[in-house]
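J.: According to TrEMBL, the feature substrate binding site maps to R67, S68, G69, N80, T84, V85, D86. The domain 'dUTPase-like' annotation in TrEMBL covers 17-147. The region 'Disordered' annotation in TrEMBL covers 138-171.
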Amino acid sequence: MSRPPLDVQIRRIDPEVPLPAYAQPGDAGADIRTTEAAELAPGERVVLPTGVSIALPEGYAAFVHPRSGLAARCGVALVNAPGTVDAGYRGEIKVIVVNLDPHDSVRFERFDRIAQLVVQQVEKVRFQEVAELPGSVRAEGGFGSTGGHSAVSGREGGNRYASVVSDREGQ
Ligand SMILES: O=c1ccn([C@H]2C[C@H](O)[C@@H](COP(=O)(O)OP(=O)(O)OP(=O)(O)O)O2)c(=O)[nH]1
Ligand SMILES: [Mg+2]
């Protein structure tokens, strides 16, 4: 038996916007819509309003995921995918869209479905500082350590990636 759905309070900021909805019964994501029309040139990004705000129970978060159809057909991605909507956030949910197509503009009409909201339970952790972490098979291997990245091998020899990683250390 599947669990009953979680009730989540939602407020319409735009009175005409259809509520987020699952397109099919087994879907993980409920489609959300833009309340503003927009046209994005190649490479352009925009923050689109969805006309809704929600109140998630403590211990949950909603993740703003891209729609694969828009990605495959038009090259549309979410800059921060997946966006995180915190349980305490009461503002309008927004979607940061980018047109990754190198040639064509993409146009959204009012109430087009632009993303999908996946609601999940999330753990709250207490970070406990230690001098040494327990061992593991992977140890410190990452960033392609298991191989199979021939598609990006041209960049692996350069130092661009290494400097990006080291810039972030200590922050
Ligand atoms: O795609 C997104 C991502 C975030 N948010 C809203 C809900 C979230 O709770 C809030 C803050 O998001 P996040 O923590 O990712 O952004 P931040 O840059 O860390 O901002 P803040 O300092 O407000 O936490 O913005 C959205 O509406 N859409
Ligand atoms: Mg934050």
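Every residue, even glycine, has its Cβ placed from backbone N, Cα and C.
Note that this is a predicted model, so its numbers are computed, not measured.
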J.: Same chain only, sequence gap of 6 or more: which residues have a CB within under 8 Å of the CB of T84 (substrate binding site)?
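T.: Non-local contacts for T84 (substrate binding site): A61, A62, F63, V64.
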J.: List those of the binding-site residues R67, G69, T84, V85 whose Cβ lies under 6 Å from any atom of ligand 1, in sequence order, or write none if there are none.
T.: T84, V85
J.: Can you give the mean pLDDT for the domain 'dUTPase-like' (17-147), rounded to a whole number?
T.: 98
J.: For N80 (substrate binding site), what is the secondary structure by DSSP, using just helix, strand and coil?
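T.: In the DSSP reduction, N80 (substrate binding site) maps to coil.
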J.: Counting only residues 6+ apart in the same chain, whose Cβ is under 8 Å from the Cβ of R67 (substrate binding site)?
T.: D31, V76, R113, I114, A115, Q116
J.: When you measure from the Cβ of D86 (substrate binding site), how many other Cβ atoms are you left with inside 10 Å?
T.: 11
J.: Please report the DSSP secondary structure of R67 (substrate binding site), reduced to three states.
T.: coil
J.: Of S68, G69, N80, V85, which of the binding-site residues has the most Cβ neighbours inside 10 Å?
T.: V85
